[in-house]
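Annotated features, as they stand in TrEMBL:
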DOMAIN    B:95-300  domain 'ABC transmembrane type-1'
TRANSMEM  B:12-30  transmembrane segment
TRANSMEM  B:99-122  transmembrane segment
TRANSMEM  B:134-157  transmembrane segment
TRANSMEM  B:177-200  transmembrane segment
TRANSMEM  B:235-257  transmembrane segment
TRANSMEM  B:285-307  transmembrane segment
């Protein structure tokens, strides 16, 4: 079966400064793929270029193909892209508080998604379908409410309902639970998972939260400095990271090791141990080093790292590092 | 909703009361005796005293104030000190004229500002948007009376397409009414429209940056339909506010434009009243204008609620 989403050589730049370089990415039918990395790693830009909704002065190049759409998405005109958006391809954004029109009833906003693409025969049918969708995200009876009457978690479920309204082949979620209370996160994640499963939609899930990726995704891509530095099945990448950045990211998220202090500080067991962090900060856009983008923060960097590390492995599982973790020469 | 209505009504009533005291007070403390002014410097003291008694000007100020206010509430605007004619009917006639002028100007201002401001916002980085911006800046700088004189020079004097001045009631000759309305309404409306365009532009620019507009695009709406369906109502809230505030400027503009175009509206009545020292006419007209501004702003407040559901407090 062919992939739902195929991204090849995607480069996103603003005034000749590359923000995303050479991203290769595929999502199979019904597959749930995670895209992780720190802020500024290019995750959201990758998603927005698939959707064709980059800010005015930001340009994308490369190739993005979607199954069921017979044209290239990069550079497609508004008329063609508007037929794809919301129909074959839908997105849930990070900030639920501002994602809905404050002056329009929630039910109308969901129904509109179907009316735009004429997937329901009449206004009435669309409204009935909208009520059903809202019930599926456990919001019965909110058709006539306005967004300000709902909480953040409830609004995000409304956004999810309207994203799923036309049974898209691919749902992109960009940090959908980051702005929500922890107690609400699990519910929203569960609804996303159930929503895509019921429609056999593929899912591209963007987050910086490794625990969320582990719950939601089957496969994961790690981004840093606008490049995909490692990819593979979630269990593989999280238990045996190869790229030094992935290794650092996982160590920084590993709260268990932080709780149980290491043996060499036995004298001060009561003192809180420093949480493991990746040294340095993410450089500003366009100021990543040549060659390996991570080398200025990497403890294993050598002179060879000044050249761009080649991709090792298969297109769906591999890494780009000169000195990978777990290798004999490390 | 009901709470807001009660609250706004209370604010309106208090503002009306305060402004009536101010209008009455200002004219009362003006130096010069209205009766002396009306009769001229050569009038005998007896004649002046007689006139003061006749118009009740010899009574205490508070009595005069409540008498004036009570009369106005019943539609009795009093008698002119000069002509001794009732002021009420004059104001009613003149008010209709000014209403035509002002309403037409507001319509012109909106018809100009809404599309121009939206295009300016949507193309704020392109030459066409910048050119429109510059043009509206020029419009903001031109006072209405100057715009009026320029319009007369071009369309009435040079081209002879439209009458330079005058007024015909619509019932008498609708064609002539419209032809005479065009230039004064344009000179008021275009200038107001230029100011309003700036506000429409910034309101639309704000809306364009909103997340819900991106959501609308992600649903599959093209940029313009997305702005139309999801942006306009949100952008209307600040624009309506400005429109309400502009009304005061518009009425001041109407006073001047009525003079330029020789239109028998409230503005002309006010200026005539001032030049004839007919103080009660001045007092009544100013009060009518103040009431108009306050009532329109009251209606604007209610319009917000219709536009923005977040203001409908249900508790």
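In case you wondered, yes, glycine gets a Cβ from its N, Cα and C as well.
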Quick one: do the transmembrane segment (B:12-30) and the transmembrane segment (B:285-307) reach 3+ CB pairs under 8 Å, ignoring pairs fewer than 6 apart in sequence?
yes
Who are the chain neighbours of the transmembrane segment (B:134-157) in space, where the CB to CB distance is under 8 Å and they lie at least 6 residues beyond its ends?
116, 120, 163-165, 183-184, 186-188, 190-195, 197-198, 201, 253, 256-257, 259-261
With Cβ-Cβ distances below 8 Å as the criterion, list the same-chain residues six or more beyond the ends of the transmembrane segment (B:235-257) that contact it, or say none.
98, 101-102, 105-106, 109-110, 113-114, 143-145, 148, 184, 187-188, 191-192, 195-196, 199-200, 202-204, 206-207, 263, 265-267, 270-271, 289, 292-293, 296-297, 299-300, 303-304, 307-308
Near the transmembrane segment (B:285-307), which same-chain residues lie under 8 Å Cβ to Cβ, leaving out any that are not at least 6 residues past its ends?
1, 4-5, 8-9, 11-12, 15-16, 19-20, 23, 72, 91, 95, 233, 236-237, 240-241, 243-245, 247-248, 251, 266, 269-270, 273
